[in-house]
Amino acid sequence: MAMMELIDIIRAKSNDQRNYLLKDHLKETVARIDDFHNFYQTNREKFSYKIGEKTFRALAMASIIHDLGKIDYNFQKKLMGDDSEAWEVLEEFLSPLKPLKRSPRHEILSIIWSTFLLGNDDLDAMMRTAILLHHYNEYFLNDKDLMEIIFTYRDAFEIYLNFIIEKKETLRIFIEDILNYIQNSLESDLVISAADEIRSNMDFEKPELLLEKIKEYDDDISEFAAFYEPEERSADILILSGILRRADYSASAGVDIELFSEEVFRDIDEKITSKIGGAPWQIRLMGELGGPKKMVLVAPTGSGKTEFSILWAAKHGRKFIYTLPLRVALNDIFMRLRDSDGYFSEDEIDILHSTAFIEYLKEERLGRGTDLDSMMTSARLMASPALLTTPDQVLITSLNYFGSDKVISVYPFASMILDEIQTYNEEMAAVIIKTLELVNEVDGNILVMTATLPPYFRSFLDAMNFEVMDVAAIPGAHDIKNLNLKRHVPQLIEEPLFNDELEVSDKLGKILDENSEKNVLIVVNNVQKAIELYREYQDDPDVYLLHSRLLEKVKSQRIGEVKKRSQDERGLTVISTQIIEASVDIDFDLMITEISTIDSQIQRWGRIHRNRDADYDSGDPNIIIFTDSDRRTSLIYDKKVLDATRAILERYDGQILDYNLERSMIEEVFQEEIDGSTLKEIYENQIRETISDLDYFTVEKRTQAQRLFRNMAGYKVFIPDAVLRYSESEIERTFAELIKGDYRLWKDILGEIERITGEKTTMWDLKKVLYEYSVNVPVFYEEKSDFWSRTTGEFKGFYVWGSMEDDDVELLEELGLDSIFGETESSLIV
């Protein structure tokens, strides 16, 4: 067999994918390393983690070697089938591997190639480890040791080594052909030096020596080819393996590994000045501060913190990664920043969260020609110059999940913005702080933004040398929106809004009658309360129910309708859980709320008198708080904090409050002493204990880490019967029927839809249907409901409830999940 035939036959993936030949995938992966090397050279001064030429050469070598384990009988047969002419040729060559009934994963077989193509110093050990873990396998959690790997796969390794020994002359020429093909295609000094070093290292006598050691149970096998496994978490291996993974994945997807250019921030001062008008405080403050690398910005809700974050990122000339906890709010910011009069062009900014593709579909519907696959892939690989994302995508790397290195490798060239830090409870705060410590370790840039900095965060941020800037201290700060505006007059009602039997206080109806010409927001502490309260008013078209366990489509429609109507109409009432706090930019006239912790209270108040130019000068209260706790509230909030909150609220009952007074209330609550310690100290100790536990914590996959992090850990459940009841689209209805009928492959589903309807659709359009007609089911429903008896299957990460009664579908659409199950006690409130 001619050697060119071999290099032109061996595949890396099926032939319906781009660059399916192994030589082309390796070339494209090396090209990404070369591109990243050039990007690094251009932006060297902006990187806080320095990468030398020797390290880049090692990365290029690893990218050539990483998939050589795909030279395997079983792998190639699976890709090619039995009847192709190419397979007939290749089958003969790979026949020594035929006795392998089940081959090890290709990245494990690639380790054999690394034993005679790489050296054995510390850098080689890092690259060998990165090769082993460029896909998930058991060695992510287990010891990475050559002896352990060999004796786990002893028979397979002996067969594979014998294959290499038998075919060594052919394989020597094959490797030389691969090296020539790659370096001639790319014509790069880095690639040439990497290829030359592989040639220098290449020693086909080593497989014979290794096989001999295996047969003799030699004690020094582990030293034959070292792995990198430091006693403590190492930023070095995480960054380098992350770069290799990004190169591999972006090569497979056909997207660039890095898209940043300083042009992304061109004329940003002028754009912000034009949009805001006058002399924006953000530009003044940036001029005075010089943009410290680690900073906390404390500024009122609605004052323009997002604009400041863009200026801060521009000052440092790094990619802009902005995180916000709630998807709905993030979607709004994405559309605002990417709009025709926004700050970024369409190809400069991406969005990444579990339903982000829906935002791209909206863009496509507007005729903007978005390439969904490329946009989503580049966002996932952190290639975008500007990225909006939820924290569970980029700020949970301290949970040590597989693939976290891909995110960590971006930290040294990113300006990370963490907005709404006050929304995290102590456990989530610990994860965030631990991750910030990791970003700090690689000297990354971090901007924390908040309207109300929780006092218990301060000591952890101080330890990382964050500079705290309170806009109230800026000279001439009087023009900052909502800073000095007197916005809120609280009134306390010393009884619970609900009793333990979920009966509503008689005073609520009277308050609503007296304020019938106002837009009223009622915030309660759990979903069941919201549903029970809404039942009393559900015939009124001006009353809306909002919470997290509605169908996604219904929730989005209601939020959009409330936003639109509230601009011109009065007399609307929204009954909500605190999902409203950070997700919906709506200005209400009056809030009625249950007692909660002081920081949560003031967060809620931010929806009242939000977008006004003048002080609130009515003598009537616009914040009404039912201050007693019922049993359900006690399940959610710490009694110590509620008692302290209640005491502080009593001091300010009936007073008109501005932003500064409200912040001082938070400080007062957390200075309250309980058993010799302040609340602030109690929270700090709880966070420290959790951080300490994280030192020994690892989860296997990112989805597991996200589930641990999210305030509401749960399952997404698709409801096909809701599609059949409410959708008028024949394509959507056919899709629902197919899922009910147990179709599970996109290829089959798309083909069947076209056959039945005569119309073509895309996977992305059907994914949109999945999300819109899904509901979030908390994990505690698993044990306290008939969750599993309703579940008829799974599809693409969703559980499927394939047989629901019409009455249940109606209840789900109008009231949400809890109306079907009834009340299930939990501390979850959204």
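Numbering starts at 1 and runs along the chain as it is shown here.
The backbone N, Cα and C atoms fix where each Cβ goes, and this holds for glycine too.
Residues or ranges marked as domain 'HD Cas3-type' in Swiss-Prot: 15-250.
In sequence order, ALA12, LEU22, HIS25, LEU26, THR29, HIS106, GLU107, SER110, ASP248 make up the list of same-chain residues 6 or more apart from ASP67 (Mg(2+) binding site) whose Cβ falls under 8 Å from its Cβ. DSSP assigns ASP67 (Mg(2+) binding site) to coil in the three-state reduction, placing it in neither a helix nor a strand. The Mg(2+) binding site feature in Swiss-Prot is assigned to ASP67, HIS135.
Summarising the annotation, Swiss-Prot assigns domain 'Helicase ATP-binding' to 286-471.
Non-local neighbourhood of THR301 (ATP binding site): ALA451, ASN482, GLY606, ARG610, each in the same chain, at least six residues away, with C-beta under 8 Å from its C-beta. The ATP binding site feature in Swiss-Prot is assigned to ALA299, PRO300, THR301, GLY302, SER303, GLY304, LYS305, THR306; the stated evidence is sequence analysis.
Averaged across the domain 'Helicase C-terminal' (503-660), pLDDT for the predicted model comes to 89. Under the heading domain 'Helicase C-terminal', Swiss-Prot lists 503-660.
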Euclidean distance between Cα atoms of HIS135 (Mg(2+) binding site) and GLY304 (ATP binding site), Å
42
Rank the binding-site residues HIS135, LYS305 by the number of other Cβ atoms within 10 Å of each Cβ, and give the residue at the low end.
HIS135
All-chain count of other Cβ atoms within 10 Å of THR306 (ATP binding site)
18
Which one, from the binding-site residues PRO300, GLY304, has the smallest tally of other C-beta atoms lying within 10 Å of its C-beta?
GLY304
Around the recorded ATP site, report the further residues of that chain (criterion: Cβ within 8 Å of the mean position of the Cβ atoms of ALA299, PRO300, THR301, GLY302, SER303, GLY304, LYS305, THR306; site residues excluded), sequence-ordered.
ALA451, ILE480, LYS481, ASN482
Measuring Cα to Cα, how far is PRO300 (ATP binding site) from HIS135 (Mg(2+) binding site) in Å?
44
Which residues in the same chain, at least 6 apart in sequence, have a Cβ under 8 Å from the Cβ of ALA299 (ATP binding site)?
LYS305, PHE308, MET449, ALA451, ASP470, VAL471, ILE480, LEU483
